[in-house]
Amino acid sequence: MVNETEALPCEGGCGLYGTRVNNNLCSLCYKKSVLQHSPALRFEPETEQSQCCPPTNSPAVEEEPVKKRRCGICKRKVGMLGFKCRCGHMFCGSHRYPEEHSCPFDYKQSGRLALATQLPLIRADKLQRF
């Protein structure tokens, strides 16, 4: 007598092995046969939601292509080692310094603004003379 777990050729003809538990079908053919015979297991979207809320014809959102990360001066691929400058561009290791790529960002002014916001202005009261 044949065990229930003994592998037999699939009756679906797919070339795989089936079991008696699955009516001599492999797992793939068994899943297909179960879905064909019982419509309750099939996934169908609910019609109530689609009737109450009409579908809107919104324009398809196009995914923007991934920008390749290249140096702003020599156009060499920088990958993960790219350096983003305060001027907003990406640079390689040799062009990352502001002097190398003629950076238009004003570092002195940004430093002055940072100090002005961080340090309070301290003034002594005016001295009165007799």
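Glycine is no exception: its Cβ is also placed from the backbone N, Cα and C atoms.
Features of the protein shown, as given by Swiss-Prot:
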type: ZN_FING; residues: 4-38; note: zinc finger
type: BINDING; residues: C10, C14, C26, C29; note: Zn(2+) 1 binding site
type: ZN_FING; residues: 65-111; note: zinc finger
type: BINDING; residues: C71, C74, C92, H95; note: Zn(2+) 2 binding site
type: BINDING; residues: C85, C87, H101, C103; note: Zn(2+) 3 binding site
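Mapped onto this structure are the features recorded in Swiss-Prot.
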residue : record                : DSSP (3 states)
C10     : Zn(2+) 1 binding site : coil
C29     : Zn(2+) 1 binding site : helix
C74     : Zn(2+) 2 binding site : coil
C85     : Zn(2+) 3 binding site : coil
C92     : Zn(2+) 2 binding site : coil
H101    : Zn(2+) 3 binding site : coil
Quick note, C87 (Zn(2+) 3 binding site): same-chain residues at least 6 apart with CB under 8 Å of its CB -> C103, P104, F105
Any further residue of that chain within 8 Å (Cβ to the Cβ centroid of C71, C74, C92, H95) of the recorded Zn(2+) 2 site:
R70, G72, I73, K75, R76, V78, F91, G93, S94, R96, H101
What is the number of other Cβ atoms found within 10 Å of the Cβ of H95 (Zn(2+) 2 binding site)?
20
Measuring C-alpha to C-alpha, could you say which of the binding-site residues C10, C26, C29 are within 10 Å of H95 (Zn(2+) 2 binding site)?
none
When DSSP states are grouped into helix, strand and coil, how many residues of the zinc finger (4-38) land in each?
11 helix, 6 strand, 18 coil
Around the C-beta of C74 (Zn(2+) 2 binding site), how many further C-beta atoms are within 10 angstroms, looking at every protein chain?
12
For C29 (Zn(2+) 1 binding site), the spatially nearest of the binding-site residues C74, C85, C92, H101, using Cα atoms, is C92
Tell me, roughly as an integer, the mean pLDDT over the zinc finger (65-111).
88
Enter the number of other CB atoms within 10 angstroms of the CB of H101 (Zn(2+) 3 binding site).
19
Long-range Cβ list for C14 (Zn(2+) 1 binding site), cut-off under 8 Å, min separation 6+ in sequence, same chain only, gives C26, L28, C29
Inter-residue C-alpha distance, C85 (Zn(2+) 3 binding site) and C71 (Zn(2+) 2 binding site) (nearest angstrom):
11
Beyond the listed site residues C10, C14, C26, C29, identify every same-chain residue whose Cβ lies within 8 Å of the center of their Cβ atoms for the Zn(2+) 1 site.
E11, G12, G13, G15, L16, Y17, G18, L25, S27, L28, Y30
